[in-house]
Amino acid sequence: MWSLALATLFVLGTVIRADQCPPVPADTKDKLEKILELIGHVNRPLTPETPEPAGYDETKLKGLGILPQHEIFSLFDERTWPEATKAAEFLMEATDFEHFIQRADVLRHRINEDMFMYALNVAVLHRKDTRGVQVPRIHKIYPDKFLKQDILVEVREKVNHGEEKPVVDATELHQNQLDPNYRLSYFLEDIGMNSHHYHWHVVHPAVWLPKHGPRKDRKGELFYYMHHQMVARYDSERLSNNLPRTEPFENWDDPLEEGYAPHLTIHKTGYNYMFRPEGLIVRDLPELNKNKMRQWKSRILHGIHLNVLYAENGTKISLDNEHGIDLLGDAIESSLLSVNRAFYGNIHCYAHVMAARIADPDGRYGEDNGVMHDVATSARDPLFYRWHKFIDNIFLEYKDNLDPYTQYELTWPDVVLNDVTVKPHKGDYDDEVHTYWEVDNYELGKGFDYTRKTTATVKVRHLQHEDYHYEIDIDNNAGKAKKAVFRIFLAPKYNEKGELFPVNEQRQLLVELDKFVATLEPGHNVIERQSKESSVTMSKDHVFGEIRNLADDHQCSCGWPDYLLLPKGKYEGMTYQLFVVATDYEEDHVEDAGEECQCRDSMSYCGSVEHKLPDNKPLGYPFDRRIDGTGFEEFKTQNMYYGDVVIQFTGETVTH
């Protein structure tokens, strides 16, 4: 007996279809319009200003208005955290939606615009009465953080010459043989990828405390895993472009090999993100020196080797298998949930600040900070990935201290995974997927310094892949129907020298492609899963679409852009290996995860806004721990599969 099953969009706690989610409140679009009216002034000097509401109780505004308007708000600089926390609380504590709008209008006139947008995003995502409301993504509010200065100057010139709704072509890829990293500009400077990084930090604010709402389940682990995946994806892109994998940042006193020129300017304020020439050395800041950073790292590693962290009162907190990675994530990020911020410090965030101020650490020259200072721009810089590989290696130290999974733990006796085939929707080939360039329209609204009273369109080019599906051949020998969780990963097969990767090097490069639930009938089953259904990604509509068309969506869309699901590959084809693992849903699902309709997309990287992460397994399972033996074949159990997949870049450009 065999059956064909089509896998559905899922949450491990409960399988949820869109038609099972409660309807979005009828007033959602009205609420969106009120929010759009508020933020229509942000970063738009030519939008007519409204007067500040009068008569508000000034005592409730104490501590707000400290960060100057012309500065960039940095979530990495903890000196801004008290004000950012106060701003978010001010909006979160509003008694109803009308009160929320009143408070937001007051706040907008009082605090730094960049900070206001962050606080507003956090509040809208987490308030009960704004569920279903989709605030415009950060790249719609600040195009100047995502488009280079010369593009926006061209837009302004066309507007100044009287063009209505001008169109600027930003798709031409300039060759720069002097900077090898320029080959990666399609990835580093991708609008959706950088917007994803910002939005992840909105869903999981470093300043979040339990008093603001439910504790963020596994937030520290999600911090580790999402950034680990970003680094793994970056390394895959480097190998696709015949570049070696990025080296971790190691020595605070070594010159940095990478320079970076962002060519980004905030037109309203004139803020110009700093250029960093190669060869600079990270220097002490007035408020923090490099020795403190070394000390924080040493204390964290000491805790890993002892398998404990020390709380502020001196209590030992075990870094056990279940919660250890989560505790470490909160301490390393660090967030306000760290068990002991005074002792373990803020190593991740302050490294961003040090890198951003590398050319003017004490401010004597009045330079603006570099892109590493800003959550919305930091992932553009190659140094971001060197730094996060350094952070990743600290987490790896902890993971390598854990016992490897045993064959007993890995095996699902009821199931045999026979084969997996990757089938493109067009073409007569299997286990091969083609990538290419795609051109989309990035729409700029009215009121910016460069658009004035008209709208404008910038044509941008991004990577894309052909649609495909997985065909999974699997036997269920339990004698009754069983639910399976399928976990799908991809990694390059060969290193930069053309040699097979050692298994523990390769597992560090595994990127998650999907995680889903399907029912296995007794006997033989063939499961189909579409690439577009990935639990990792968000639709490109959230990057290039119209916000009003998304107002009735149940998605919070914190995920990876769907068009970057696969790495670029090579013209001649590049061999990757696909890893698929089937595990028992009954063991994996979380009973009290709740029906999370609001954020049923992007669950793998982003988790849940207010419920438990609906998967009992560690993120990245079963490749999150070291593998003993010489290869995957020794590790593999009957419920696992691996095989070669070729990704070929065609070089074609498709315009929509």
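Placement of Cβ uses the backbone N, Cα and C atoms for every residue, glycine included.
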*Can you tell which of Cys597, Cys599, Cys606 Swiss-Prot lists as bonded to Cys558 through a disulfide?*
Cys606
*asked:* Going by the Cu cation A site in Swiss-Prot, where His197, His201 are listed, which of the candidates His212, His227 is also part of it?
replied: His227
*Matching residue for the Cu cation B site, where Swiss-Prot names His348, His352 - out of His323, His388*: His388
_Which listed residue (His201, His388) has most other Cβ within 10 Å, given these are binding-site residues_ = His388
*asked:* Other than His197, His201, His227 themselves, what residues in this chain have Cβ atoms within 8 Å of the centroid of the Cu cation A site's Cβ atoms?
replied: His196, Tyr198, Trp200, Phe223, Met226, Met230, Val375, Ala379
*Asn313 (N-linked glycosylation site) and His348 (Cu cation B binding site), distance between Cα atoms, whole Å*: 24
*Tell me, in order along the sequence, which recorded positions from Asn313, His352, Cys558 have their CA within 10 Å of His197 (Cu cation A binding site).*
Cys558
*Around the Cβ of His352 (Cu cation B binding site), how many other Cβ atoms lie within 10 Å? Please give the count over every shown protein chain.*
27
*According to DSSP, which of helix, strand or coil covers His352 (Cu cation B binding site)?*
helix
